[in-house]
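Undergrad: Sharing the features that Swiss-Prot gives for it:
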BINDING   His83, His182  heme b b562 binding site
BINDING   His97, His196  heme b b566 binding site
BINDING   His201  ubiquinone binding site
TRANSMEM  33-53  transmembrane segment
TRANSMEM  77-98  transmembrane segment
TRANSMEM  113-133  transmembrane segment
TRANSMEM  178-198  transmembrane segment
TRANSMEM  226-246  transmembrane segment
TRANSMEM  288-308  transmembrane segment
TRANSMEM  320-340  transmembrane segment
TRANSMEM  347-367  transmembrane segment
Amino acid sequence: MISLRKSHPLLKIINHAFIDLPAPSNISAWWNFGSLLGICLIIQILTGLFLAMHYTSDTLTAFSSVAHICRDVNYGWLLRNLHANGASMFFMCLFLHVGRGIYYGSYLYKETWNIGVILLLTVMATAFVGYVLPWGQMSFWGATVIMNLLSAIPYIGTTLAEWIWGGFAVDKATLTRFFAFHFILPFIIVAFAAVHLLFLHETGSNNPTGINPDSDKIPFHPYYTIKDALGLIFLILSLLLLGLFSPDLLGDPDNFSPANPLNTPPHIKPEWYFLFAYAILRSIPNKLGGVLALLASILILLIIPLLHTANQRSMMFRPIFQTLFWILTADLITLTWIGGQPVEQPFIIIGQLALMLYFLLILALMPLAGMFENYMLEPKW
């Protein structure tokens, strides 16, 4: 008799995606982050749902409703800490997942990669509107500064900014619509993630060598379900350590003060996971130029498959490319650090040099390194 999971119309889909899925036998722990991102998304949706039951999206009561959640709601403090720090864990997994995709050449699955970039942009948008909801000082001024950048768009910029704000400045209408966006976007992310998986299962997973693994595949369960469970234990432990012992470690002290439009904080900055993009934005003295550089820094991921010039897919056996990859990683860490510093020398010039290096590496040095490697590997006799 055929197993129910193989015959039932619904269970059959789950079976093909998570149980009997043929997976390469040599994929490493770097392939854990896809499942960890799924777990992070579930944690964020569940904690967010319970927080939304007690939150009020009104400028007069938003800040006090967050305080009420932390003080008066049963385990409200835990929900809030897990949700806020869960976002940080989400982005840590996201950056590592993208980094793995670049390192091992997974971007050559173009459909999967492009949906992934759209997912990244959607998650960033969700996190941004979510950061505004507690209505603290940094929430308010972060929203004001970032949304004001829309006014740099020629002709329609000011109208567009006022349309999104729902007025002439960030106010009640902005907070209400940002809450609506923050509620609906995670479900759009779930839909995109399903499409991401659909495209991935059309081609099968890549592996560290970058070589076609069809001749040596094993079922996903039990091998990789157990491997993913280990990653899950580390994720939950890290989240609990952060959420229970240092819940405000990654936050901004200014957000403990209610939003005040008449008092500007000395240094406006977003959450740590946006600092690299914020540093790129500030590195260009021109407002429109900064906005374009900010967009280009993320959208450049879409053209990475077109810039692949090497005959080998993965960086596993390519020392020149590995060196450039780790320089790029160090450059992004530098940009993250610069984004958290005040706008003064020497931070301005360091940010500008890091910005130039970022685009130089992706657009020129990496494609040239691929061509050079091809030349070196050609037989010369």
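Cβ coordinates come from backbone N, Cα and C, glycine included.
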Undergrad: Where's the emptiest Cβ shell within 10 Å among the binding-site residues His83, His97, His201?
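TA: Checked His83, His97, His201; of these binding-site residues, fewest Cβ neighbours within 10 Å: His201.
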Undergrad: Reduce the DSSP letter at His196 (heme b b566 binding site) to three states and note it down.
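TA: Reduced to three states, the DSSP call for His196 (heme b b566 binding site) is helix.
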Undergrad: Suppose I define contact as three or more CB-CB distances under 8 A, residues 6 or more apart in sequence; do the transmembrane segment (77-98) and the transmembrane segment (226-246) meet it?
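TA: Counting Cβ pairs under 8 Å (6 or more apart in sequence), the transmembrane segment (77-98) reaches the transmembrane segment (226-246), since there are 3 or more.
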Undergrad: Provide, as an integer number of angstrom, the distance between the C-alpha atoms of His196 (heme b b566 binding site) and His83 (heme b b562 binding site).
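TA: On Cα coordinates alone, these residues lie 24 Å apart.
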Undergrad: How big is the Cα-to-Cα gap, in Å, between His83 (heme b b562 binding site) and His97 (heme b b566 binding site)?
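TA: His97 (heme b b566 binding site) has its Cα 21 Å from the Cα of His83 (heme b b562 binding site).
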Undergrad: In whole Å, note down how far the CA of His201 (ubiquinone binding site) lies from the CA of His182 (heme b b562 binding site).
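TA: Spelling it out, the Cα of His182 (heme b b562 binding site) and the Cα of His201 (ubiquinone binding site) are 29 Å apart.
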Undergrad: So for His196 (heme b b566 binding site), how many other CB atoms are inside 10 Å of its CB?
TA: 21
